[in-house]
Amino acid sequence: ERVETFLGSTRLAILDLSANGHQPMPDPATGNWISFNGEIYNFRELLAELKIADPRLTTRSQTDTEVILKAYARWGRDCVRRLRGMFAFALWDQGRQELFLARDRLGIKPLYYYDHEGTFLFASEVRAILASGLVLRRLDPVGVWGYLAYQSVPAPRTLIQGIRVLPPGSWMTVDSQGTITGGRYWDLLEDASPDARSATREECRRRVRDLLREAISIHLVSDVPLGIFLSGGIDSSTVVALMCELGQVPRTFSVIFREQAYNEARHAQQVASRFHTDHVEILLGEQDLLTQLPEALAAMDQPTGDGVNTYVISRAVRSAGLTVALSGLGGDEFFGGYPSFRRLSKVGGLLRLWGRTPRAFRSLAGWMVEALGRSSVTAIKLASLVKSDGTLDATFPVTRQVFSDRERHALLENGWISEGDGTRDSYVQLLKEAYDRAPESELFSRVSYGEARTYMHDVLLRDTDQMSMAHALEVRVPLLDHKLVEYVMGLPDAHKRPNGTPKRLLVESLDGLLPKEIVRRPKQGFTLPFEPWMRGDFRGFCEERLGPERLGGRGLFRPERLQSLWQDFLAGRRHVSWARLWLLVALEEWLERNGVEL
């Protein structure tokens, strides 16, 4: 039975800028078609391998897109295991009358789908699926519950009922009968390098250095100019240093502020000077961002508590005439840059012992901790840890929570609590299943898995893609090269623990390449000065969106609770951070712009 299938594409040309690279792209030899988003960095090697297998093979373009078509014709679904890069694609198999969807190993490129009563839709954005007119714009209560907890909806959910995310490292097929099958072709824990487990400290340093150089090198393949996001931290400085070592002088870009507590200009300047880069600083003031804010929020395919910073720097890089930028994203997750690595290493054993005490006693102790801490953010998180069973799958998600369970109950109207509360532990379930599949994995790698599959996937990668692509800028993340990640994930904890040096393995692998001041400086995230600005020029913008005519009048949140939170924030009370209020502002803006119904 033949089915009606439609593929579409909006192309950002990076390789082979001619019309031969246009999509959707056909394979005349098979009748197959593909729509592809991303970059395959080993496409030339794959093409050479394909031509050895079939010397008569010819191609019409110089694109990685066409190589995927040829690879699928040769290896079928297993072709995804051979791809090295970031990708999401839909391939129509004419012979099988079957749609094949696949996504890269770490979820760098997004892929959403919707399946209902004989209609299957897929796209790189939720908004593209909504634009079909075939999906009701209904808010998903479970998605709201997760959004408030983790500042972005935990995959595979979205904020729209019925629209789901294809997980990273996964594939899916839809046949002519509408039957869906799928599977996972790669996993962070299960596919960790077995060879790494027996490596000596010196061997692992050399191997990490080699893999870093290789990753940077392949990520430089482009027919258009590229630059680097430079914060002056270890990760982005690593990308700059190795790019220069490979003989290329990069253009580097940094966002700077007048507010010194948020300003990393000195560190970025030091790195730029050390490696003689063509450095550009973007000075961002309160009024500058207020002018850009409506456009930045409009660029959000899904709302998030982050992302505006990426919008600002992406705009500047694109305005400078560049089409590709490299980012240091991934260094924190796999080299131990977050506090979660230190904290869970220190208290993990104690929490497991504590978890053996009776549940009623743990609940009472948690209540006492929260009361004594006067419901501060720290006290609420500590209380949640005390109440837990002490396992990593139960404790790790607490480190990433914005609103606790109790706070969400107080904030949401009753009907939304009953519908959303049932699956509030989506991250707990995700982590438990992963840890059960790889029981031999060590703590550091388990925390890496938690960071990569939660905050990195659902916030950082999603924000990076939606905010950069809003400016037709492609952001590449060489520290997420899967060969590098597999090796680091396979190393014993002993080689990765900080021992007084932040990201010790990464730093030691570079063997003095980075300035000592950059290595020793305290970690500082790429955060805009939202806290003072929301009490200043942004105040009216926020109050309008939180007020009774907007979010407070939707019937989703208790209006008196919204106003109480806002007043507590203005008063500087410690239990209300700017991130909590901004999360609500971003949600309201998204609901309004996308016409989403409750």
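Cβ from N, Cα, C; glycine included.
Unlike curated entries, TrEMBL annotations are predicted automatically.
Look at TrEMBL and you will find 1-177 tagged as domain 'Glutamine amidotransferase type-2'.
Under the heading L-glutamine binding site, TrEMBL lists Asp64. Taken residue by residue with DSSP, Asp64 (L-glutamine binding site) is part of a helix. Within 10 Å of the C-beta atom of Asp64 (L-glutamine binding site) sit 26 other C-beta atoms, taking all shown protein chains into account.
Residues or ranges marked as ATP binding site in TrEMBL: Val255, Ser327, Gly328. Within 10 Å of the C-beta atom of Gly328 (ATP binding site) sit 23 other C-beta atoms, taking all shown protein chains into account.
DSSP gives Val255 (ATP binding site) a strand state. For the domain 'Glutamine amidotransferase type-2' (1-177), the predicted model reports an average pLDDT of 92. Here the binding residues for ATP are Val255, Ser327, Gly328. Their largest Cα to Cα distance works out to 15 Å.
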